[in-house]
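Working notes, structure below.
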Amino acid sequence: MASSSPLLTGERLVVFLFAARVALAAPARLAAPLALLAGAALAVELAVDRSAAAPSPPLRRFRTRPGASSGILLGATTLPCVMLARLIQLSRILPTDPNGAQEFAYLEMQYWAVSISCVSVLSFFLWHLRQSANNEISKTSKYGSLMVVLYLVTFLLFFLLKTDGGLLAMTKNGYLLCHGVAAVILIKHILEKFPSCSSFGEGLLVSSGLIVYFGDILARTLSKMEFSTSSGAFIHTPGTQSEIATVIQGVLLGLFLLPLLYKSSLQVWVYCRTLGKQRTQTIEKRAEKRAGSAVFYVSLLVVLLFLVPSWTRLVQGLEVHPFVWVLNYMFTNSEERLLLCAYWIFVICVSIRRFYSISKQSKTERILLRKYYHLVAVLIFSPAVIFQPAFLDLAFGAAFALFLILEMIRVWEVYPLGHTIHQFMNAFTDHRDSEILIISHFSLLLGCALPKWMSSGFNDRPLAPFAGILSLGIGDTMASMIGYKYGVLRWSKTGKKTIEGTAAGITSVLAACSILVTLLASSGYILSQHWLSLSLAVTLSLLLEAYTTQLDNAFIPLVFYSLLCL
């Protein structure tokens, strides 16, 4: 028999309060699907947790990150809440903005796309759970199955009532359901190919996020093609996306397609070399490794020099190469940008050199060393958010692209940098990093970047772009440092987080917000958010940091950003 799992835990309570806060601010037609999704996610999480202690767990084929709970409820509700909060924010300008209706309709479709992705992944888990003969698990999974069916009925009714049915509505429904199929394929690939790298909830967040992001790229591509520009096209993307956002999308699209091109080219090269070496029994490993590295660099050049500019020219009409456009942007009337770049380089070089030597020689706890990097993120990103917000979007994209390239070089041991990068990165790993992937630096960067990227365009909440910097750079850091040094009262018997640390985190974020409000007011911004709502957003975010065993760098900024948008 599987051991019972408590229905109410600290993490689940915080997640439900978060989802309820978002749902209560949304119209009923969009809040009801979120409630059904949260109910289904809770049922699946309970079933998975209770099945984990069974003699033959249904999900035993997937090895998740050690020390983390399943996190399915948090993973399934976070992105839908983000999209719904953004819809609520965008609805405040519908009467005055001529482009607001089109942007709202497209964002609403993205909300359904990410929700369908999450529901499909939950159905994937349920299918595996149904393979078990355990009656207790079966009852819980039946409840989850009922919630999933109710959600799908709500989804179909929404589009049938909103449109007149017909081929256009069926095509749009099919397009959204394809997001769900793709999300299932992707999370299955993540859990099987990268064992012990993520929990179920983290994998759900990554898969649904990537699917909706690439769904946006596909939608923008289709909307620019000749056959999709007719009046009967089933998808219309708003034409308000900036050139910076398009360049970032193009580069990331190329880098995510790079593994496919590299693996395919490598297989072709190995096959051709084998044909030419039929009489040779052994091939020198060093030459093989260097040749494979050459294939990687050639594939990278093909992606950056040909694929990326082709896509940006199609979608945005850029006549010059994106890298040329970036250089022109940086060096045209850009004294402030160049000074900012010099400041970034100085801070990064000093901090990396200092902290790397500390990690090798000192007995400083690894968790404290990593929190110092959170403070460095505050020093780097805060001035740019205030004075050069558009340039910071571009810098975030460049940094993320560089991290992707370096991680590929490290994982595939590409000569001559692979071993050196691996040794350097190992100095900053902790229990959340597996032997395959090192994800901590990715999560910190994206945690700071995503709120800023999503705040591009209309934003009537000046603190929303700072959500990642405030929650990770200040709140999470102060909570960890104060809790580690002075914490006595723990939130739970098994956890390490303390009440003193959480209180310090909440206080520090509110203090930072009061300072930021003054600085933003001097730059022309007006605080349009009540302090009670801000205090609730800070408190829920830091309580989630105290209770969750998931990757807090990934979830806390998104939760905080969603609450700030309301």
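Glycine is no exception: its Cβ is also placed from the backbone N, Cα and C atoms.
Annotated features in TrEMBL:
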TRANSMEM  35-52  transmembrane segment
TRANSMEM  72-89  transmembrane segment
TRANSMEM  109-129  transmembrane segment
TRANSMEM  141-161  transmembrane segment
TRANSMEM  203-222  transmembrane segment
TRANSMEM  242-262  transmembrane segment
TRANSMEM  294-312  transmembrane segment
TRANSMEM  337-356  transmembrane segment
TRANSMEM  368-388  transmembrane segment
TRANSMEM  466-484  transmembrane segment
TRANSMEM  505-527  transmembrane segment
TRANSMEM  547-564  transmembrane segment
How about long-range neighbours of the transmembrane segment (294-312): same chain, 6 or more residues beyond its ends, C-beta under 8 Å? 221, 246-247, 250-251, 253-255, 257-258, 261-262, 265-266, 269, 318, 321-323, 405, 408-409, 412, 414
Contact between the transmembrane segment (242-262) and the transmembrane segment (337-356) (3 or more Cβ pairs under 8 Å, separation 6+): no
Top stretch among 72-89, 141-161, 337-356, 547-564 for CB pairs under 8 A with the transmembrane segment (203-222)? 72-89
Can you tell me which recorded stretch out of 35-52, 72-89, 109-129, 337-356 has the most Cβ pairs within less than 8 Å of the transmembrane segment (141-161)? 35-52
Out of 35-52, 72-89, 109-129, 337-356, which stretch touches the transmembrane segment (547-564) the most, going by CB pairs under 8 Å? 72-89
Counting only residues at least 6 beyond its ends, the same-chain positions whose CB falls under 8 A of a CB in the transmembrane segment (109-129) are 30, 33-34, 37, 40-41, 44, 47-48, 51, 58-59, 72, 75-77, 79-80, 83-84, 87, 137, 141, 144-145, 148, 151-152, 155, 158, 172, 176-177, 179-184, 187-188, 200, 204, 207-209, 211-212, 215-216, 235
Residues of the parent chain within Cβ reach of the transmembrane segment (72-89), under 8 Å, 6 or more residues beyond its termini: 11-12, 15, 18-19, 22-23, 25-26, 30-31, 33-34, 37-38, 40-42, 44-45, 48, 104, 107-108, 110-111, 114-115, 118, 121-122, 125, 199-205, 208-209, 212, 454, 458-461, 544, 548, 550, 555, 558-559, 561-563, 565-566
Which residues of the chain, 6 or more past the ends of the transmembrane segment (337-356), have a CB below 8 A from one of its CBs? 330-331, 369, 372-373, 376, 379-380, 383-384, 387-388, 391, 395, 424, 427-428
